[in-house]
Every structure is written in C-alpha cells, then in structure tokens.
Amino acid sequence: MTQHASPPRDSTGKVPSAGAAPGWRGLMARADVRTLSLLGVLAALIVIGGITKPDEFLDTRNLQLVLTQGSVIGVVTVGMTFVIISGGIDLSVGAIVALASVWATTVATQEYGFAGILFTAVIVGVGCGLVNGVLIAYGAMVPFIATLAMLASARGLALQITDGKTQIVTVPSVLDLGERDAYVLGIPPLVMVFAVVTIIGWLVLNRTTFGRRSVAVGGNAEAARLAGIDVRRQRLYLYLLSGLCCGIAAFMLVILSGSGQNTNGNLYELDAIAAAIIGGTLLSGGRGTITGSVLGVLIFTTITNIFALNNLQSDVQQIAKGAIIVAAVLVQRRTASTT
Amino acid sequence: MAPEPPLLSMSGITKSFPGVRALDGVDLDVQAGEVHCLLGQNGAGKSTLIKVLAGAHQPDTGTIRWRGEEVTLRSPIAAMRLGIATIYQELDLVEHLSVAENVHLGHEPTAAGFVVRGKAARSSTAQLLERLGHPEIDPARLVGDLSAAHQQIVSMARALSHDVRLIVMDEPSAALDPDEVDNLFRIVGDLTSAGVAVVYISHRLEEIRRIGDRVTVLKDGRAVAGGLPAKTTPTRDVVAMMTGRNVEYVFPERPTTDATAGKPLLEVRGLARHGEFEPLDLSVRPGEIVGLAGLVGSGRSEILETIYGARKPSAGHVLVDGRALRPGSVRAAVRAGLGLAPEERKAQALLMLESVTRNVSVSSMSRFSRGGWIDRAAELGAARAATRELSLRPDNPSVPVRTLSGGNQQKAVLARWLLRGCRVLLLDEPTRGVDVGARAELYAVVRRLADEGLAVLLVSSEVPEVLGLADRVLVLREGRVVHTAPARELDEHRVLDLVMEGSPAS
Ligand SMILES: Nc1ncnc2c1ncn2[C@@H]1O[C@H](COP(=O)(O)OP(=O)(O)OP(=O)(O)O)[C@@H](O)[C@H]1O
Ligand SMILES: [Mg+2]
C-alpha cells in the first residue's frame, strides 16, 4: 500500500520473459492457471479411474488403448485449434476423415499397398481442405456454412463409395502397425504420430510466422490486413492444414480398425471443437494453445474410458461431457476477467 | 464555494492491476454545475479513475461520497441510478444495432414490461439528437454506418437518456473537428447551466482553458494537484506538474536544405474513388513531410487508405520510386516500403489479445525469422528499442496491449512502423490521445525519420500540428484539394477558412 509512484514494474509471471529459467521450474513458471487446472482435472480423472476400476483402468493395455483412441481425434484437434484460433471453424472434419478413410481403402487403392493408402488418405484430406479454404478465403463464404456443406457432401460421397459396406484392409504392412509387435517401448505407433503432430503443431503456432499470422488473423482480421498480412492466403492455408490433419487421422483410423467405413469419424467435429474450447481456445479467435487442446482431448478420452469400464451408458457420458464444457468455459471467463 | 457538500467526493482511491498500481490514493471533488478537468500523461490513471466512478472497476481502497453520503458503486447500473453517466475513451456502441437501440440499450421503453416500443425509443432519441445539435442523424440507422464524430454524438445521447447529474467524458474531442468541438462545448455549457457537473478529460490544454472551471492533475496514479483554477493556472505550471519536467511544446526545426530539389519518392497520379474523393495528384520527396488538412469526412483517411492499397481506387495510381504499385493491394504497398498508422487504432491496428511485442513486430516478422522460424530474443529486443524510442509505458513490451492506456496504445502502433523501417510513412491522426510530453517526442521522431530520407504523409485534425510539422500542406474540402502551399505561408485561420468555406454546417 505504501508503494510510491514508481514506474510500473514487470507484469505477472504469466507473461514469458526473455530469460525464463530453463527446465522444469521455468516450465512451471510459464504454465498458466488454465494449463495447471487442466492437468489437475486429468490427474483427478486418473485417480477416479484408479479407484473405481483399479485393475482394469491402470492396466497397461487399457492405457495404451486410451492413448490410441485419443490420438486419432487428437490429430484432428490440432488442426481444428489452428482454424479456431484464426477465427474460423471446421465442421467437416469428421466427414473428411470418413471420406479419406474409405477412399484410401477401396480395392483399387489397396493395390498400391501402404504408400497408396497413406498417399490417398492425405491427398483426399488436403483436397477437401482446399475446397473449404478456397470457398472461405476467396469465395467469401462463412466458414460455418462452407464446412457444413463439405460435411454433407463428403459423407454422402463416402457412402456412395462404400455403398454402406465395410472395406476390409488386406495390406499386411498397414495392419501390422496396429499390432502389439509394432509398439516401441510399449508405445503404440499411432500415439507417436500424435506426439509428433502435437510437437510440430506447437512449434508452428508458437515459433513461426505462420502461427503468428494465424493468431493475428483471428484476433483482428482488418488490423492484420493493414499490417501487410495476406489474410486470404492465410485462411486458405489454415483449412488446408485442417484437411491435412484429417487425412493423417483417417490413415490412423484405417490402421486402428483395419478397415474403412463411411461412418468413420462420426461427430469428430464436436469432440475436436469441445476439446479445443476446454483447452482455452477462444471460439471468437485470437487466442488458444496446442497444449490446452491436447489436454482437452486426453480428458475426454479418459472420461469415455472410465465410463465404459464402469458400464455406464453413453447418454450419461454425453451429459458429463456437456457439463465439463460448461465448467471449462466458466473457468475461462473467470481467468479472463481477472487479468 | 457553497457550504453544502460537493456533489461527488472521492478520497484515497487506490486500484492495482497485476504489476501496476494505476491509482495510488487519489482524491477528487466535483461540485454541481462545474466542469472539472482531469489532466495527466498517458497512463497516469485518468481512465481508471473514471471507470471506478462509473462502477466499471471496483477500487481496492478509498471512499466515494455522493452528495455527502458514502456509496458503493458495485456496477455500472448502480452508478447510472445515481445519475452518473460516462462516455468512454474507447467508444462502446454496438455497431449492429440502430442509433435508437444503442441510446436505449439496457433501459428500453417497454410495454407490458418486455415488448420494446421501438417507435417511442426512436422519437425520444430524435429529441435527444436535436438537443445535441444533430437532428440529421437518423435514429433508425445502424451505428456502424455512422462517422466517428456522429458515433460520439450517439454516445452522448446515450449518456443523456438517463437522468444525469454528473457526466464524465473521456477524451470526447479526440475524434472531432473544430466545429464539432464548438458544438460539444455548447452542449457542455447547457448542461452545466442546468446544474449538471461535467468531468472532462483531454490532452488539449487549450480546451481546458476554454471550458474548464477547475483542474485536477494526475501523475503516476496520484493527484499532484487538486481543484486548481482552470483559466488562470499558467500552462507551463500545468505541464510541469503533469510531466515532472519542463516540456517545450514546440515543433522540431525544419531542415535548411530544400527538399523540393530531390526526385519524388511517393507519387500519386489522378487517384480517385467514387463518392469519396476526386482525382488527386500529389508527390512527396524523401525528407519531406506533407500534411493533409481538412474536416473529418473530407476524405483524408480514405485517401491514405487508398494510397496504401486498403481500398481500391476507381481511377489513377500510386508510384513509389517511379514504379507503379498494383492498385488495391496492401501487400504490394508494404513490399514497396509503405507503412500506415491508421486512424482507428483499436479496429484497424491492434491485436488486443496479444502482447506489445507481437503488436509491434507483426509487420516486420520476416526480419526476425528465417524460413518462417522466429528468433524471439531478437524480436523482443527490437520491440523494446522501438517502444523505448517513443517512451511507451509501461516499459515492458511483454504486457498485453489491451492493458495499456489509450495514448500508449497509439504509440504501440507507431512503434510497429518505426521497427518496420518503411520508406514512406502514412500517418493518420498520429497524436490522437497522446499526451503533451509524448507529442513533442513523437514530432521529433517523425522529423528525424524524414531527415533520414523517409517521405511522410500526415493527416491530422489539429491544424497547428499540420502547420507545425509539415513542410507542405494540402487543404482538402469535400474530397477535393482546394489549396496547396508551403506550411510556413499558412496560418491556422487561413486553413480553417479554406476548410470550412462553403461547406454545409454538419
Ligand atoms: N485492465 C488493465 N490491466 C492492467 N493494467 C491496466 C489495465 N487498465 C489500465 N492499466 C494500467 O493502468 C495505468 C493507468 O491507465 P489509464 O488507462 O487509467 O491511463 P490514462 O490516464 O487514461 O491514459 P491515456 O491518456 O493514455 O488515456 C496504465 O499504466 C495502464 O497500463
Ligand atoms: Mg485514458
């Protein structure tokens, strides 16, 4: 109270200063309240899982399963986080995953083996992203509408390709990746893919001009334009990125299920958006973190797993998820108004 | 002064934000019927103080007495109920609502408690606008379509739509023309003679002389002087109290060498936009500062934005170094070395959620990056250097830009282009909301940049600023250049005459 009129000192510790201490302490000093509270929620869930089903939940196989399931949606969420940070939305992710997974598993594609499947999944994902991006960036369509249209048509096309049938994968090298033999030090390959995508996503968002531009476009598109950023091209790239993530996720799903189905990726858009928002990404754009989104995904998949182990129906599960979204947004409001 | 208690008496108000003590024991007394001015440098705490008064911020300590009784202002509504209305520095209108809806926002006239009576709202709004001298504003129009000056009037109508006893105006004149300011002062006069008190914030000392009764000076969150007579305290003393030093409010020397000799760096040939401005020719040489004088709405900002490529011209083109730029492309302009500090910093320039550093570096990212990879240490260092040059406060570029005071946000925008190191600088109202001391620094910086070979095109509503800083002045009226002359051959009256001549009183 008796502090005299000295020039204002540094702001809160939250703001990363140039010389932040490296290592764990530096990391803790930088982690904001939200990240810590998400970690707290995840820890609490693990405790709950451990108490209710001590043998099954903490079993290595179960943990591997949880992480693998989270990985597919996680990769989609990384792309979604970029899109939302830039002030957009991508409702078509689930449908793109479906289309890419069935296109990659047609008999014709499978003839080209592993490379053919991977290539097709990625190309279909990027192609859908390109259509979204062009419509939104250059056709001045509202992201909600453009991606809603993509959702409908990609699902329709997926149904047409499969005719509602499950396409079994017969390429051994693809199937092998899903087997336990492929685990490295107990870590499934799909989880490693997710880890790599996360790290790249984090670096791109926080350390590159691409990330900065995405945030700028979402924070204030007009200001970004007047600052000399090509806002439209940036928007196009962002939907391409989201499509790319969907393609990768589709390939992962093919490995995981050993098949391609037009019902793949159902409601992924909701899970990905919810995970990003729980992680603190502003739906209006301009702010968000990859770390938060990934924690959001892990929280969601852990809950699903605990509920399944305890034989609770998916309706209870949905209600719990809804409650978590509301709680997360309320926390977000609190932390926003106190800064 | 009357023996009865003052209308408002705030004492010992403190308010801290994380890391900053914005108010440190401030006292403020306001009498009914007076115009009480608040003065202070950027970041001194003026806006914070009036937000406490408006119930928008809760003070950490201190008491507020309203007509002698202690009150707690828990929310803006509580303050409004007492009769305290506030016009904020950053306009807070809802662009997608009509004028009438904005004026009555939160207290719509209703039937049966919930059906909004639109017609009643519109007619009472029309009455208010009439009283404010602007009957031409249509209550049914969207606020987003109005000019800045008219939005200001709508804000004022909103304040007056309540039964007010105290009205707070935070830099209301910053966006206004000279004759708009006259109108504002007439309204202030009407209000005070009806016994309403006015708290008035402005960085323009001459305005305070004209309408102020008493002055309270804030410095670093403390009131260094309270209730001084506004008309008789010497300017020198006021400025010394605000800044803690003697600032000479002078413009930098013009260079002795004749800049008209060189080849033009920026050339505009026949540039026009339908309905905004007529074909325009101008050229700016390296080392030259050219000023555009004119009323708000005379097309000045539109001209700058068109030169910058943010608007597509309907005719003509822009040349830099003799080479034509692709019309309507900001990126082409930026690549050719143009920089624009736009008029509306919040809407057009700032990334409110981001740090000062990122706001400053956003136009020069390629300088700190290799292959898209950002060198953050270099970025921070450069941002720090650029913001120090303008003495932006607080002296820590890692803080979010939204926590800066209005004037300091403006400096962040300028720092962006300082850092970018452009060759042609387009400045639209560069000193809006900037305090006296910092203005002098800013003028010096602009002149120094010009001396280093930049071409500068300056728009300002403050005629003395254009005349003092520019070498050559173009006077605009209704989108047309009506006069061009070296700045030293013009004076303020002449410019105002040229600017107003024949224009309808708006
Ligand atoms: N929400 C906030 N969070 C953190 N700091 C803040 C916040 N709002 C204001 N400040 C700080 O409080 C101080 C006072 O700011 P204030 O806006 O009251 O200044 P001002 O006198 O109105 O300046 P100006 O003339 O530039 O408008 C500044 O240092 C500012 O950075
Ligand atoms: Mg202010």
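Cβ atoms here come from the backbone N, Cα and C positions, even for glycine.
Heads up, TrEMBL stuff is auto-annotated, nobody curated it.
Per TrEMBL, these features apply:
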type     : residues  : note
TRANSMEM : A:33-51   : transmembrane segment
TRANSMEM : A:63-84   : transmembrane segment
TRANSMEM : A:91-108  : transmembrane segment
TRANSMEM : A:114-135 : transmembrane segment
TRANSMEM : A:142-162 : transmembrane segment
TRANSMEM : A:182-205 : transmembrane segment
TRANSMEM : A:236-256 : transmembrane segment
TRANSMEM : A:290-309 : transmembrane segment
Dominant neighbour of the transmembrane segment (A:63-84) in A:33-51, A:91-108, A:114-135, A:290-309, by Cβ pairs under 8 Å:
A:290-309
Contact ranking winner - A:33-51, A:91-108, A:114-135, A:182-205, A:236-256 against the transmembrane segment (A:290-309), Cβ under 8 Å
A:33-51
Does the transmembrane segment (A:142-162) reach the transmembrane segment (A:182-205), going by 3 or more CB pairs under 8 Å (6 or more apart in sequence)?
no
Range from A:91-108, A:182-205, A:236-256 with most C-beta pairs under 8 A to the transmembrane segment (A:114-135):
A:236-256
